[in-house]
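Feature annotations, courtesy of TrEMBL:
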- 80-188: domain 'FAD-binding FR-type' (DOMAIN)
- Arg137, Pro138, Tyr139, Leu154, Lys156, Lys162, Met163, Ser164, Thr205: FAD binding site (BINDING)
Amino acid sequence: MATFFFKRLARATPIALNNALSFGGANKTKSGFSGFRIPIGAIAAVSGGISYYYCFSSSNLAHLDQINEEAGSKVALNSDKWIEFKLQDTARVSHNTQLFRFSFDPTAKLGLDIASCILTRAPTGQDAEGKPKYVIRPYTPISDPDAKGYFDLLIKVYPEGKMSQHFASLKPGDVVEVKGPIEKLRYSPNMKKHIGMIAGGTGITPMLQVSLLYANVSPDDILLKQKLDVLATSHPNLKVFYTVDNPSKSWRGGTGYISKDMAIKGLPGPSDDTLILVCGPPGMMKHISGDKAKDYSQGELTGILKELGYTEQMVYKF
């Protein structure tokens, strides 16, 4: 049943960008974006967008041979080398978030497995020896994993974000170097009976299933709210609770940081059949679950989840 639900989300009926993202005042670019559509994925729809480095060892790279055998088609990604992908078009989603579509061989799939991400890099000059220096950030496309010829990234542009500012400077025809896929969480059908999620800001992108607590600065910062509301209405198993730091006069959701009371009411309780997924900025991670260890392993479980009785086996930090 869980597999059916995930596939249903991953292949949700695409809707036009200006309808799907009207809450953020999305605007089409001059090059024409009426054909740009957003299929919202389940766990597969991850776009990192968090403003700090991740380091990955080669053992974390997903094996494309296995994906190729299962999919029975060509894949565009390569886990061993950086590949250039051309920017096809962009669209503004909210006051500080943009959608980017990159194109490649129309007969190939990207090659991204469920709960995996990609690495992107951009040049930042040269070191003392004259060798090129790069900024590297992880993202995961929000487009359908089975889509051919393109992938979409949803990225929040930070004023001092080196990689997000690089993306914002791109024009159609420019290229970005990509490597992957990077496996984050190995998902298998029915691995848990209950899945709960806690997200902050762009941390929403891995969190489109079951029970979701979603925190933002203001109502205008809530990404994909319209789509989430439609999914919650269509799927009784998907429960969404929003909370914001700076509510508007008409706001009817929660206010302030995610609290113990919110977690108790909005998440499945601790048990061997429960998995809580957490994704968000460092401050939120520290408050909810504790951040990852310095070597980017899961690290010790702390914060309100530990206080509520969850164990390290019940929590996964993206």
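In case you wondered, yes, glycine gets a Cβ from its N, Cα and C as well.
Automated prediction, rather than curation, is the source of TrEMBL annotations.
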**OP:** Tell me the Cβ neighbour count for Tyr139 (FAD binding site), meaning other Cβ atoms within 10 Å of its Cβ, over all protein chains shown.
**Re:** 27
**OP:** Identify which of the binding-site residues Arg137, Lys156 has its Cβ surrounded by the largest number of other Cβ atoms within 10 Å, counting every protein chain shown.
**Re:** Arg137
Original post:
Under a criterion of Cβ-Cβ distance under 8 Å and sequence separation of at least 6, what residues of the same chain contact Met163 (FAD binding site)?
Top reply: Thr120, Ala122, Val135, Ile136, Arg137
